[in-house]
Ligand SMILES: [Zn+2]
């Protein structure tokens, strides 16, 4: 009997229970007991669900209140000193590291003011992990203050009658994905491996004592370009982690092709290897050949990153190929990665067109997929399931929803001149200076203002039909006016309308574009309690009518200062959607570029002549390995942006925005935007700033962290700007926050922005 295996299940709950309880806890509306109880309830539900579906290998420790990598930092005591001096409960230390903590002293609690640790993309997914931060004083030990999470959760499942396989990020990946703290910049985290392994091993021993026979160790960095010294660490490390009193190990890799690092994992003393064949089927022959005689192969065929129905026949064919080589006992049918990256349950989508819904599988449906394929290759009769599956696959292939001849005709018109501004930047800059006459250190924001409860209530009322379209629009206009007046009052130079009408920066446009489908409950965790509901690209994309002009024009009518039009760029629309898997991402991106080009031109024609086209997702789309695929990606990504933005006159100022640091200035250069803003507040690296000082156009380096509720003082802004000015020219300098302010409250937004503008004014006076 071939076993079925799921590498991890979404932890957010089918109705976002996790978000609701954590946010209630943060705002002191729920107790720590209620928080922990809800976590337990979600875990129990997920295990039972998988058990009922017939999944053989079910993961535990795939749950987290914030992030699974951050959990390890707490567990292994990788806690920078600044979080330990307040005597916080373990869960609060976790949240402080994840999102920062600022609170005033009360009778029972001391004042706390700490920033969050850096948060970065989890490979090329839209999930973010909190970066482990090491220093010379890092002292690895099992931190049992709140119990050993993997052990606690393993036992919890066991008590429910579910035998699970605990999952833990592997020791080499954990170190490699971390960074050195400010005070220890000469430290290479990977050099800590020898110190770390004994502690990691003691965790495995604890799991074994608790009864865990096998542990899933994720080493996702094996799909990256790994330096040779890191590749060489695997053998020794895993030799240390196996033996008497320790569980067997299944080493898992996902999100790509491991072949360049295959020598690192050949003949490791692990009992099984897992590979992602949904993403990288081309590695099949070589990686299967590398499985040693005593090892099992976990065949990742059910895509953990997308929502398309698995083609059962194709999947079975691949698994059978593995069985031919290894025999049924040594092959496991698995999801390609954790299902964390897919929505929880398609059954919650009552509004989706049933024709289209039949093409999808969400996490819950993927359980059935893994089980069906395992049964089929075991020789059980699942003919009905396979016939139904084949019918859906064929229906999608033949559907007229997926193709639009008009769009395809227009795609043929894309050429160099369509994707190039009519003049180089210096000429555009002159025209823009004349038009706007902005001061030095111009101030602006990235676009969104707080999405208050009031906004959500009114949007809900409108969706449910309890208020009319007119009433809703009137409400939105009032919100826009509030945001405009506020920005005028504190002295910002380039205003925004605040985006009260937008639920999400991609979904909002997706809902107005043809070729998209969207869900009502298809949430996926992005970070912490922030979830996104990615729309789904199902066919050729086009824009039937203007999407954002009305709100921008209204905002501009209220003020003499320039109001930025706000759009989401083609690559970000693509990356933050579930893309089609039947045409290339390049084609989808260029189609989006054309659709947005129409919007940019409509905005310009309506008098909105500062236009920001956000591309925060360009970085995350970067193929994980260098080489041809990466340079091709960068070419079509930049071209898509330029297709969208090159149809305007010189005096129209095109802005763009990028979330997350670790950007290569060259990638941004190719977009040729007049002004770019990038997240920057957590960067302390003068070399990095210097790289950007060579950037030919203008840049706003983000000055404060919008993921955290803490309020930087004016002095903090001044110090930060002074630091940057040591290596960065003043005449290219824009002053802005890291990112949009939608997740923040008004109080902290007002205070932070006021301090930011005051700091800018101080520099303006000086220069
Ligand atoms: Zn951003």
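From the backbone N, Cα and C atoms, a Cβ is placed for every residue, glycine too.
Keep in mind that TrEMBL annotations are predicted by a computer and have not been checked by a curator.
The structure displayed is predicted, hence computed values, not measured ones.
Record check: TrEMBL places 446, 447, 448, 614 at the L-methionine site, and the matching candidate among 398, 499, 501 is 499. In terms of Cα distance, the recorded positions that sit within 10 Å of residue 448 (L-methionine binding site) are 739, chosen from 19, 126, 576, 657, 707, 739. Distances between the Cα of residue 679 (Zn(2+) binding site) and those of the binding-site residues 19, 446, 447, 614 are shortest for 446. Put simply, 614 is the one of the recorded positions 19, 614, 707 whose Cα lies nearest to the Cα of residue 657 (Zn(2+) binding site). According to its DSSP assignment, residue 448 (L-methionine binding site) is in a strand.
Within the same chain, residues at least 6 positions away in sequence whose Cβ sits under 8 Å from that of residue 707 (active site, proton donor) are 99, 100, 116, 119, 527, 738, 739, 743.
Here the binding-site residues are 19, 657, and the one whose Cβ sees the fewest other Cβ atoms within 10 Å is 19. Taking all protein chains in view, 27 other C-beta atoms sit within 10 angstroms of the C-beta of residue 739 (Zn(2+) binding site).
Reported as a whole number, the C-alpha separation between residue 614 (L-methionine binding site) and residue 659 (Zn(2+) binding site) equals 9 Å. Residue 126 (5-methyltetrahydropteroyltri-L-glutamate binding site) has 659 as its nearest neighbour among the binding-site residues 446, 447, 499, 659, going by CA to CA distance.
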